[in-house]
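S.K.: I have a structure I would like to understand better, so I am pasting it below and will then ask my questions one at a time.
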């Protein structure tokens with residue numbers, strides 16, 4: 001039987017810190033972030049289906065959220081301002097991410113690669129589903145900014161402004177519903193939400 005290092009690599013998601021150039025009150029790793037993205041992506045899919053006549057598979061989208069940053073166990077987390085500093089850097093980094101996705105996929109026993117490709121390989125991921133995951137990813141980054149700002153960390157003020165613009169460009173009815181229904185609670189204390 002062939003040995004695989006796939007899950008040993010995924011177990012290292014908790015070692016990859018997000019926001020590496022920012023001073024954080026509360027650190028966040030890609031394992032924690034991916035779970036929150038899965039929660040939010042699942043909610044967005046449900047909202048789309050129940051409120052806006054969507055036809056998505058919320059469980060599938062939650063899985064995509066869980067796996068959306070797995071390539072970072074090989075690449076690390078590249079800060080967004082650097083990653084998108086100019087189109088050439090963004091294009092080259094996308095190639096690095098694709099190579100990392102392929103490397104991870106190749107670590108699986110061959111009989112499972114077809115099953116994991118739609119979760120790991122950008123070329124195989126359903127584009128409509130991925131839009132929801134990207135929305136959730138942006139929402140979770142925005143929520144992190146709120147958390148840090150509410151803890152008195154003004155380091156995240158510019159990131160919050162940038163993410164507000166991103167949320168506007170990615171706006172959909174389901175995202176607006178999520179923002180209006182759930183986000184205000186992130187500005188409250190534990191006593192206030194209990």
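Positions of Cβ are set from backbone N, Cα and C atoms, glycine also.
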S.K.: Since Swiss-Prot lists 68, 69, 137 for divalent metal cation, which candidate among 9, 33, 42 does it give for that site as well?
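M.R.: Same divalent metal cation site in Swiss-Prot: 33.
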S.K.: Tell me which of the binding-site residues 68, 77, 137 ends up closest to residue 18 (site 'Appears to be important in orienting the phosphate for catalysis') in space, Cα to Cα.
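M.R.: Spatially nearest to residue 18 (site 'Appears to be important in orienting the phosphate for catalysis') by Cα position is 77.
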S.K.: From the centroid of the CB atoms of 18, 19, 33, 69, 77, 78, 79, 80, 137, the recorded substrate site, which same-chain residues not already listed sit within 8 A by their CB, in sequence order?
M.R.: 30, 72, 141
S.K.: Compute the centroid of the Cβ atoms of 33, 68, 69, 137, then list the same-chain residues not in that set whose Cβ lies within 8 Å of it, in sequence order, for the divalent metal cation site.
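M.R.: Same chain, not in 33, 68, 69, 137, Cβ within 8 Å: 30, 34, 37, 65, 133, 140.
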